[in-house]
Structures are given as structure tokens and as C-alpha cells.
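Q: Pasting a structure below so you can have a look.
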Amino acid sequence: GTSRQIPQTIIIGVRKGGTRALLEMLDIHPNIVVAATEVHFFDWDENYMKGIDWYRSLMPFSYGNQITIEKTPGYFTSPQAPERIHDMNSSIKLLLILRDPTERVISDYTQVYYNRVESHKPVQLFEDIVIKNGALNTKYKAIQRSLYDVHMENWLKHFSLDQIHIVDGNTLIKDPLPELQKVERFLNLPSRIMSSNFYFNQTKGFYCIRSDGRERCLHESKGRPHPLVNNTVLEQLYSYFREHNAKFYRMVNHSFDWH
């Protein structure tokens, strides 16, 4: 009695915002099934051209009472994704998980840094990428991805605000349950995720998941230590994002505890 369904909910981003943690934690819910990998259907032209049946073929089997969720963090910053998702299902519910934009930039850099180290490629210091000729390098892709107001404007051209639920990534890591309960309500699901589904792993420094008698933590690539960043550079980043953050708060009628 199962079939593959086109997702009724998509986690659209943001990269390094906690999308994997959110997906894994929602997977606890008996009425949710999740796609195993990032699909990149709506942001990569070569995948989008394969069509909706190809997209559906990558989804897990589900029962009629279950919601299928996929997550691709690249959707949020993709110029084409909002319109393409709207064309597929104009009443879809979207989940967007965000964190402090400066932290997100550093986390973005950290992921690329470790990937380059593991591939034996040369690496640069964070400060040498972020500062060019004494000024902030605002063309740096990681900084561009943290301009939440710019990207949100594109989504709000196609979706109403009540179709997009924003998860606070900073809070999800420190205290997962309240954020997940808000998601349950947004998706009109019965409350099934409980505090007993989580335990704090002292070694890793974040919450791990306990469900179906099993315990699991996120991949070791998650929660890697960030480099210590020069305070002057941090202040330049905080200052640059301040106006963008204020504009974003006005757009979504909600404030976050960001620098």
C-alpha cells in the first residue's frame, strides 16, 4: 500500500544552517518520510530537464498518511527554484532553517576548508578570503549566501509568508524540541516528537537522536570546530549584515538573536 510521492514539504535551505539536523530530527515522526540524499532538482538545470517523474523516482515509498520531505539547501539561493517549485505545487509548505549569517559564513568556509585539506588542495586563511585590499570581499559566495533578505524577496514573489516556516537554526542545536514542535504544528501533524528522542552528546557537543530503540548522531563532518576569526574581521561582517538582517526581520515579521 505504499507509493513514491512528490514531496508535500521541502526544506529549501539554507546551506550550513542545520538542514541535515532538521531532516534527521523530523525523520523521527511516524507521519514523515525523508529523501535520503539532496536531490538538486529545482536548482540544477541538468536535473530539472529530466522531468518530474525522475524527481518522483528519487523519493522514498510512503503510506497515504505520510508526508514526503526532501531537502536541498541550494534551493534558497537559487534564482530559478521558487518559480519551479511553485509550478509543481503552488500550495506546498516550505521549511527554511537559518542561523546567524556571520556564523553561517564561517561554517561555509570551514566545510570548504576541510574538503580541500582532505583532497590535498591548497587552503587559504578565512581572513585572506573575506578581506580584499583592506575591505570586505562582498563578492565571496559564502557572504552572498548569507544575504537572507535578498533571497527571501525572490521566494515571496511566488509564495505567501504563511507557506514558509522559518526554523531558528541556532535554537535547534541548543534545544531541538520546541523548534520541532513548531514544525509539527505548521505541517498539521500530530505531536509525536518528544524530549526522550534526544540526548546531549558531550564528546560531539550537540544533541543526538534516539528513536526506534536506536541512537544516532549526525555525521562527523557536522559540528566541526570553526577557526578563530580576527575580531576586526568579525565586526566588519556583523556591520555588513546588520542592515540586511533588519530588512529580513521586517519581511518575515520576526526577529532573531543575530549579531
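Positions of Cβ are set from backbone N, Cα and C atoms, glycine also.
For reference, TrEMBL lists these features for the protein:
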DOMAIN    7-245  domain 'Sulfotransferase'
ACT_SITE  K16  active site, for sulfotransferase activity
BINDING   K16, G17, G18, T19, R20, R99, S107, Y207, K222, G223, R224, P225, H226  3'-phosphoadenylyl sulfate binding site
DISULFID  C208-C217  disulfide bond
Q: Work through the recorded positions one by one (K16, C208, C217) and name whichever has its CA nearest to the CA of H226 (3'-phosphoadenylyl sulfate binding site).
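A: Going through K16, C208, C217 one by one, the Cα closest to that of H226 (3'-phosphoadenylyl sulfate binding site) is K16.
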Q: What same-chain residues, at least 6 away in sequence, bring their CB to under 8 Å of the CB of S107 (3'-phosphoadenylyl sulfate binding site)?
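A: When sequence neighbours closer than 6 are ignored, S107 (3'-phosphoadenylyl sulfate binding site) has K16, R99, H226 within Cβ distance under 8 Å.
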Q: Would you pick out, from the binding-site residues R20, R224, the residue whose Cβ has the largest number of other Cβ atoms within 10 Å?
A: R20
Q: What does the structure give for the C-alpha distance between C208 (disulfide bond) and R20 (3'-phosphoadenylyl sulfate binding site)? Integer Å is fine.
A: 12
Q: Return the residues near C217 (disulfide bond) by Cβ distance under 8 Å, restricted to its own chain and a separation of at least 6 in sequence.
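A: Correct list: N201, K204, F206, C208, I209.
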Q: Per 10 Å Cβ neighbour count, which of the recorded positions K16, G18, C208, H226 ranks highest?
A: G18
Q: Any idea what the model's mean pLDDT is for the domain 'Sulfotransferase' (7-245)?
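A: Here the predicted model's pLDDT, averaged over the domain 'Sulfotransferase' (7-245), is 95.
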